[in-house]
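If you check TrEMBL, you get these features:
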DOMAIN    27-267  domain 'Deacetylase sirtuin-type'
ACT_SITE  134  active site, proton acceptor
BINDING   142, 145, 167, 172  Zn(2+) binding site
COMPBIAS  453-465  compositional bias 'Basic residues'
C-alpha cells in the first residue's frame, strides 16, 4: 500500500498482529489445489471474488503486516519499505488482469475489494461489478449528486473529507470529497449492500490475499454458506475463516491464478494504460495589431490546478524554418509565453518526458500555429479511440503512441483546447507454469512477490446506521 496512505491514517497505538508466519504448500499439493479451484470456477454459476492487499504486493505496493510490511518494520524499529515505483503508477498484477478476463467471459459476477489502490478499476473491472469497501485513493465523489471522478493522481485527503475540487456538473458544483475510510469511518452502505447481496448469491466466493480479520467485511464470504455456497481462501497466512472454507491454498496469489487460467485454457489479457492531458493555446493581438501574444499550456484534464503526475518536463521546439528559441519547462504549471508576427504560420513540437513508472521515456506531439485560420470543434468516440490505441500498442509491444480525442475553441480569450491521449504503459503476462514456477513476464515492470497485508484480529470498521 502507499506509504502516503499509511501516513494519512489517524494514529492508533495498537495496529494488531504483524509479521505473521507464512505457509507454503508443496509443489504437488499446490498443483492439486489449483486444479480443484479451477474446476470449482468452471462449474460456478455466480463466482464472487473478495480481495485484499495480497493481490497488489506483486505490483510493487508495500503491505502493512507482512514480514516487510510498514507496521511490521515500524514495530521492529527498522526503516520503512520503499515503494518500487510511485503509487499513482502502480500497474495491475497478473491476478487483476485474470479477473478481467473471467468477468468478460461471464464467469466472474462481482468483485469485492478491501484495497484502496484503485487497481481493479484501472484493470478494467466495470464499476457496477465492483464494491470498494474501504474506498479508492484516486476517486473523488460528489456528496450532492453522487457523481464519481477517477483521477490519475492520489487524492490529497482521506477520511471522507472535502478536497480542493468541485463537481463539474453545472447544475451542481458541490465540493467533492475523498472516498478513503479512516479507522473510525463507517463502511459505505451502497458498497456494503451490493457486496452482501452478491455473497448471498455466490456459489463460490474466492478470497485472494486477505487475512479475513477486519469486521464486518471479513464475514461477507460466510453469507454464501447459507445458500450452499463454497468459500476458497488463497493466502500465505492462516485466517480465522479457514475452517469454514472448502479449500485453503497457501501460495502466491499470482502463481495460483496463473495455474487456474492455464487449466481453464484462458489467456490473461495485457494491461495497456492510457493517460490524458490537455494543451491550451491562447492568443491575443498586440495593441498595434502587428503581433500575436500567445501562451501554450500543458495541463491536467482534471483542472488547471490539478497535478499532472506522469509528465516530468516538456521540451518545446519549432519547425526548422523558424528561428524561435527552444525552451524546456521543468516545473508545473507547464507554461510558455511568446510573441510572433501576426502573419506567420509555423509548427510547434512538444516533447513530453514521462515520470518514473511509465513504460517509455517520452512522446512528441505537433501543434500547428496559424492565427488567421479557424479551428473546427470535434469530439471522437473515446472508447473506440482507446481500443485502436491499445491494438497498436499490443502489436508494437511498446508505448508512447498518442492521439487527439477532442478539440474545442473558446472565443474570449481566443483559445484552442485540445485533449490528447497517450499510451504510457504496456504490460503482458504469460500464465504458463513450468516446474511449479511462473514463466517470466514478457514485458513490463517486474513486481516482486512479497506477502499479504494483514489487519488485526480485533480491528473493526463501523457500520453505517
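Keep in mind that glycine also has a Cβ here, set from the backbone N, Cα and C atoms.
Please treat TrEMBL annotations as automatic predictions, because they have not gone through curation.
A straight line from the CA of residue 172 (Zn(2+) binding site) to the CA of the residue listed as 'active site, proton acceptor' spans 26 Å.
Taking the C-alpha positions, the distance from residue 145 (Zn(2+) binding site) to residue 134 (active site, proton acceptor) comes to 21 Å. By the criterion of other Cβ atoms within 10 Å of the residue's own Cβ, the least surrounded of the binding-site residues 142, 167, 172 is 172.
What surrounds the Zn(2+) site, by Cβ distance within 8 Å of the Cβ centroid and not counting 142, 145, 167, 172, is the set 143, 144, 146, 147, 166, 168, 169, 173, 174, 176 from the same chain.
For the recorded positions shown (134, 145), fewest C-beta neighbours within 10 angstroms: 145. Put simply, residue 142 (Zn(2+) binding site) is 17 Å from residue 134 (active site, proton acceptor) when counted between their Cα atoms.
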